[in-house]
Amino acid sequence: MDPKQTTLLCLVLCLGQRIQAQEGDFPMPFISAKSSPVIPLDGSVKIQCQAIREAYLTQLMIIKNSTYREIGRRLKFWNETDPEFVIDHMDANKAGRYQCQYRIGHYRFRYSDTLELVVTGLYGKPFLSADRGLVLMPGENISLTCSSAHIPFDRFSLAKEGELSLPQHQSGEHPANFSLGPVDLNVSGIYRCYGWYNRSPYLWSFPSNALELVVTDSIHQDYTTQNLIRMAVAGLVLVALLAILVENWHSHTALNKEASADVAEPSWSQQMCQPGLTFARTPSVCK
């Protein structure tokens, strides 16, 4: 092989190894939904793709039938925040798996983890019920049942309102039983269930009726109530003591005023008996 060709080949191989090493050094982007990934039909969701500062271009991709399709791209300058993508008018075509990818120079780097978005409202709603009262103590158990009398769903999912990830409670039974427990205070919240089919796992039914679970720590509440009672009694005692002190002060002030009046004004008989004073038609009272 010609020396020039050998040198050129070495440069190409070294450059390729350097690029691969650089790609391995950069972290993969992070994808997240700013709200719940369970989105009603025609609703919207905001997706954020976090990448390193050196990334000048971020792409959002949807995976359909093992094929990547670009949903959008954002240019980012050095000091700008991570780009956000808004998915409007959610429907069956936009539900599915999403990933982010960023670029540095002319090179593409690896994809982020997968974010799954679900659209609801495509089938009739199921019914959610409980096997006991909805107020529980920590450590107790409860079972929620999701069923549909007219639609033969393959699977059901139980979702808690406010969660920013897909429901972890899934069942292939019909009706589906979801056991919660032993519960703690974090289990409190509003729950709904959904039905869906295995062939289209990102297309869900309307949400069921809502059930609100309340986990209460009665021991802590009793302790708090007792403290409130003690504080109220102490407050009443303090008010009573203040009232007694104020009354005593008023009584003492009135007595001092009467004593001062007796000293300052001599009696009528004492005035008549002073030497050199005579009063007409005055009975003799001086002795």
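Using the three backbone atoms N, Cα and C, a Cβ is placed for every residue, glycine included.
Each of Cys100, Cys193 is a candidate, yet Swiss-Prot gives the disulfide link of Cys146 to Cys193. Per Swiss-Prot, the residue from Cys100, Cys273, Cys286 that shares a disulphide bond with Cys49 is Cys100. When the residues Asn141, Asn198 are compared with Swiss-Prot, the one annotated as N-linked glycosylation site is Asn141. When the recorded positions Cys49, Asn65, Cys100, Asn177, Asn186 are screened for a C-alpha within 10 angstroms of the C-alpha of Cys146 (disulfide bond), the residues that qualify, in sequence order, are Asn177.
Residue counts for the domain 'Ig-like C2-type 2' (139-200) under DSSP, helix first, then strand, then coil, are 3 helix, 30 strand, 29 coil. Using Cα positions, the member of the recorded positions Cys49, Cys100, Asn141, Asn177, Cys193 nearest to Asn186 (N-linked glycosylation site) is identified as Asn141. Distance between Cα atoms for Cys49 (disulfide bond) and Cys193 (disulfide bond): 29 Å, as a whole number. Sequence-distant contacts (6 or more apart, same chain, Cβ under 8 Å) of Asn65 (N-linked glycosylation site) do not exist in this structure. Among the recorded positions Asn141, Asn177, Cys193, the residue whose Cα lies closest in space to that of Cys100 (disulfide bond) is Cys193.
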